[in-house]
Amino acid sequence: MAFSDDDQDATFEQIYRCYPVSFIEKSNLEKGDKIIMPPSALDRLASLQIDYPMLFQLSNPSSGKFTHCGVLEFVSDEGIIYIPYWMMENMLLQEGDTVCVRNTSLAKGTYVKLQPHTKDFLDITNPKAILETSLRSYSCLTTGDTIMVAYNSKKYYIDIVETKPSPAVSIIETDCEVDFAAPLDYKEPEKPAPCALSKRKRSEVEDDEPPTKVPQFSPFTGSGRRLDGKPSSSTQSAAQTSSPNLKQKQSDNETNGSDSKSLNTTSRRYSGKLVFGSNAAKPDTQRSLPKASENSTKQESSEKEEAPKFQAFTGKKYSLNS
């Protein structure tokens, strides 16, 4: 143990061997950043007129790691200091390793960004209130450190990601804004695979396709019959106008069967000699080649001649006096 040679300089710097606070049965100090120093350190600090609260920088000469802390008591053995174990882990110190202690002054913190190691810390009912209560045991925070917060018999480790206005700040009697980063074990939800998206788009396109066309209803497409048994010309015209396919078929049948009609009519005339009127006096050569239209008109006229005409007052008469 040695003090600095310049007594006029108000700087305390000393090298000690470090041990965890559990060695002196003060494990409650693990919940903060307070250390235990020897009584000689208090005498030296008093002679240098160091202002309260006393803050120190701890550094590991072999690894170059450092942190900041406060002091709780001056009751340790000479040449030995006791510090929380989480601070020893941050500086990569083992039991009995040497550590350099130097007094320092820090600006009051205005902003601190924290990152929990596990997301279960955010599952606490009010994590900010728990953190505020736990940080009352701390004197300062250093960027890059990992502090420990105990709650319900469970330890939560939290990284100090950022501090303002400097990399190390004092949090004693100050209003400090606290922000949280995503926990280290947090994983973003996976995006859906592109194949699933393509299938979904394909199904949407299929749903948007118009339905197949339904054949329209065409009324009055059937055939009609007369009560006297004669063919109805109106039904033939309606059937021709209602169905274009029937028109085409009828035209084909008329062209194909025109010759057969003429042959049938001639053969029909020769098979029976049913003639009326003046046609009976004409020679057979003229009657042998009639047209189909003439046959139809002659048939209708013969039917009219065969029907007896109505004669008025043809019955017997009777007298009322007889």
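Glycine is treated like the rest: Cβ placed from N, Cα and C.
What TrEMBL records for 12-106 is domain 'Ubiquitin fusion degradation protein UFD1 N-terminal subdomain 1'.
Residue counts for the domain 'Ubiquitin fusion degradation protein UFD1 N-terminal subdomain 2' (108-183) by DSSP state, with H, G and I taken as helix and E and B as strand, are 16 helix, 34 strand, 26 coil. Look at TrEMBL and you will find 108-183 tagged as domain 'Ubiquitin fusion degradation protein UFD1 N-terminal subdomain 2'.
The region 'Disordered' annotation in TrEMBL covers 189-322.
Summarising the annotation, TrEMBL assigns compositional bias 'Low complexity' to 231-244.
According to TrEMBL, the feature compositional bias 'Polar residues' maps to 245-269.
When pLDDT values are averaged over the domain 'Ubiquitin fusion degradation protein UFD1 N-terminal subdomain 1' (12-106), the model yields 92. Sorting each residue of the domain 'Ubiquitin fusion degradation protein UFD1 N-terminal subdomain 1' (12-106) by its DSSP state yields 24 helix, 35 strand, 36 coil.
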